[in-house]
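Each remark here refers to the structure printed beneath this line.
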């Protein structure tokens with residue numbers, strides 16, 4: 001499915017914030033309880049460490065911290081927000097929605113709030129939904145949160161999944177931006193035939209009496225790799241075509257941070273070099289719906305992404321699902337100095 005642009009108001013990201021828990025889990029930490037090594041993990045995934053939430057820290061808590069980071073950068077960032085969307089595969093509970101819990105903690109009680117579940121594709125889906133709500137007149141601005149506590153969902157003794165995932169959150173306000181900036185095109189898709197290749201059946205519930213039952217994350221790594229390379233490359237090319245762009249027009253690719261081999265192979269497929277690709281999987285692992293905002297925020301803060309540059313966001317996830325979008329970046333979203341960032345995350 002594609003969403004056409006045509007002649008319409010410019011909508012984009014007006015504020016951005018992120019959060020990762022302070023607990024660092026290195027590859028060496030896994031060596032104590034499973035047959036693996038730092039060299040084996042790095043060579044196959046590109047991951048060196050990831051962050052795990054504390055026992056009393058839930059998905060909504062991470063999301064709230066990401067919004068607080070956003071507000072530290074832009075104290076007026078939540079002005080006119082009418083709807084909150086949380087993209088997550090690890091909600092605090094089946095209901096109330098994690099979005100509603102976050103809204104209540106950041107001064108947005110009364111705003112519309114709902115969760116969106118397309119696993120690692122969730123942030124792209126949520127950005128598209130946010131734009132639609134604004135263009136349709138339902139909202140003036142939308143707060144989009146991608147937050148995950150995947151460390152609780154995986155079997156920490158399963159080498160095929162435990163080494164891959166980390167916890168984190170990103171928050172973005174979507175709203176009107178200057179003409180010539182913002183979102184250009186979206187491509188969204190899903191194919192349930194591949195669902196058995198990557199799934200999670202149930203999870204811990206933060207409410208009293210919550211328990212973990214049945215299987216956790218299941219994955220056919222070989223099938224997921226083939227799917228991911230194909231769909232990232234194809235959806236990336238499709239959204240470029242819809243935008244009237246070529247790979248040469250792209251200043252930065254921000255891919256879902258799942259596996260460095262997948263990122264490299266997908267880039268080769270649509271012709272963008274790794275030198276134009278934002279990668280931080282080595283420090284955070286696969287944070288699912290949080291991976292895109294974490295990578296985007298980092299590249300804005302360190303000066304790689306500049307006003308007016310052409311961005312390509314691509315993601316895939318369970319479902320199996322995929323999403324891609326083209327964005328002309330607006331630098332009105334404030335960034336923090338290193339000292340300010342340290343104060344926010346302390």
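A Cβ is built for glycine as well, from the same backbone N, Cα and C atoms used for every other residue.
When Cβ atoms from all protein chains are considered, those within 10 Å of residue 120 (active site) total 32, not counting its own. Residue 120 (active site) falls within a helical segment according to DSSP. What Swiss-Prot lists as active site is 120 (among others).
Classification of residue 256 (active site) by DSSP places it in coil, neither helical nor stranded. For residue 256 (active site), applying a Cβ distance below 8 Å and a minimum sequence separation of six or more within one chain yields 120, 121, 232, 286, 291, 292, 314, 315, 316, 317. Here Swiss-Prot flags 256 (among others) as active site, drawing on sequence analysis.
According to Swiss-Prot, the feature region 'ACP-binding' maps to 257-261, an assignment based on sequence analysis.
All protein chains considered, the CB of residue 286 (active site) has 24 other CB atoms within 10 Å. Swiss-Prot lists 286 (among others) with the feature active site.
On the 0 to 100 pLDDT scale, the region 'ACP-binding' (257-261) averages 94 in this prediction.
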